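Take a look at the structure set out below.
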Amino acid sequence: MIAVRHLTILGSTGSIGVSTLDVVARHPDRFRVVALTANKSVQKILEQCRRFEPRYAVLLDEASAELLQVEIRRAGLATEVLWGVDSLEKVASLPDVDTVMAAIVGAAGIRPTFAAAATGKRVLLANKETMVMAGRIFTDVVKENHATLLPIDSEHNAIFQSLPQHFSGDLRAVGVRRILLTASGGPFRQMPLAALENVTPGQACAHPNWVMGQKISVDSATMMNKGLEVIEAHWLFEASPEQIEVVVHPQSIIHSMVEYVDGSVLAQLGNPDMRTPIAHALGFPERIETGVNPLDMFKVARLDFEAPDFERFPCLRLAYQALASGGSAPAVLNAANEVAVDSFLKCLMPFTSIPAMIEDVMQTIGRRDIATLDDVLAADGMAREAAQEWLTCLA
């Protein structure tokens, strides 16, 4: 008999959340949705409530929650509507929930992800900011509360699959020489450097291989996404910066690789579809159907690899710099990047100002020691304030 997993999906209306529900719908005998959460996407979460009938639906925005409550009653659903950060933490730590998909984008996802880990849940981690901003604190919470952590980012999931199942945090003990973290290079990999000043949000969001949300698409275009993933890999796999090498692989077929001391390189391949890593984590240690098309190696035909261009992608350099600095530096990097990307998407500054803002904010704030989650959030707040001041000066 299959044990039913009871799920809270944090960020159910985003691309990861939607893909998660697609996989869940294929296995009604395996999964029961207890709670869904979103920022303020009333119509999307209403449609999801109609289909999955969760016990709770949480919106961060109060006015949106009031609108959803009206629609839920009109639809005759028993779903209870909640709002606010405290409610996100509540549904992430419900006693009868065993699995939490942490898919809220950005720093907003940190507190509910911590709540899930603190109550010993099986945490499916798609919110990379939790690891970037508070990696040491979060991993300590996971260990102290015997939570299970399964990575959802395609690259980290690929690394997880390429490591021995008995891996417990010591790469050298299992014979690993290094992690090869693949990157597509985004839509501007071959664009003349002089042309980057004038690229539009629409161009930056047009990823050549993946279908993603706007923020992560811009991060891919700047390669900040890969920089954040380097920091995440450092904490997930206890890898030193020297053990993590970024490899540009334009086809996005190899999702990452692990090189062993005997010269063997193990890789995870597949079509670029987030349902694959999501299903791997949902079903782990079993394999479950995803709806993803089989990989046609004859159609792929070739696989290319390049070294990253740090002149073209200064955000990648800044991420390595933040990792080396430690302390509050990764949180400052992340916060400044969130403000910069949001400003670019609103056409308030050019694409090339994204790394410029981040670097200036990192220099302005400097590095501070981090001991608690409150320290992390304080650094986040200072960085956002400095980024807004930078933006005001730009105008």
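The count begins at 1 with the first shown residue.
Cβ coordinates are placed from backbone N, Cα and C, and glycine is handled just like the others.
According to Swiss-Prot, the protein carries these features:
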| type | residues | note |
| --- | --- | --- |
| BINDING | THR13, GLY14, SER15, ILE16, LYS40, ASN127, GLU129, GLY213 | NADPH binding site |
| BINDING | LYS128, SER154, GLU155, SER184, HIS207, SER220, ASN225, LYS226, GLU229 | 1-deoxy-D-xylulose 5-phosphate binding site |
| BINDING | ASP153, GLU155, GLU229 | Mn(2+) binding site |
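Positions of the features from Swiss-Prot, shown on the structure.
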residue : record                                      : DSSP (3 states)
THR13   : NADPH binding site                          : coil
LYS40   : NADPH binding site                          : coil
ASN127  : NADPH binding site                          : coil
ASP153  : Mn(2+) binding site                         : coil
HIS207  : 1-deoxy-D-xylulose 5-phosphate binding site : coil
ASN225  : 1-deoxy-D-xylulose 5-phosphate binding site : helix
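Spacing of ILE16 (NADPH binding site) relative to ASP153 (Mn(2+) binding site) is 10 Å (Cα to Cα, whole number). Comparing the binding-site residues THR13, SER15, ASN127 on other C-beta atoms within 10 angstroms of each C-beta gives the minimum for SER15. Residues listed for NADPH, THR13, GLY14, SER15, ILE16, LYS40, ASN127, GLU129, GLY213, cover a largest CA to CA span of 20 Å. Fewest Cβ neighbours within 10 Å among the binding-site residues LYS40, LYS128: this applies to LYS40. Counting only the Cα atoms, the space from ASN127 (NADPH binding site) to ASP153 (Mn(2+) binding site) is about 9 angstrom.
Each residue contributes its Cα atom, and for THR13 (NADPH binding site) and ASP153 (Mn(2+) binding site) those atoms are 17 Å apart. In sequence order, the binding-site residues near GLU229 (1-deoxy-D-xylulose 5-phosphate binding site) (Cα within 10 Å of its Cα) amount to none of GLY14, SER15, GLY213. When the binding-site residues GLY14, GLY213 are compared by the number of other C-beta atoms lying within 10 angstroms of their own C-beta, GLY213 comes out lowest.
Other residues of the same chain near the Mn(2+) site, with their Cβ within 8 Å of the Cβ centroid of ASP153, GLU155, GLU229, are LYS128, PRO151, SER154, HIS156, ASN157, LEU181, ASN225, LYS226, GLU232, ALA233, SER256. Among the binding-site residues ASP153, GLU155, HIS207, not one has a Cα within 10 Å of the Cα of GLU129 (NADPH binding site). The candidate set comprises the binding-site residues HIS207, GLU229. Of these, GLU229 has the most other Cβ atoms within 10 Å.
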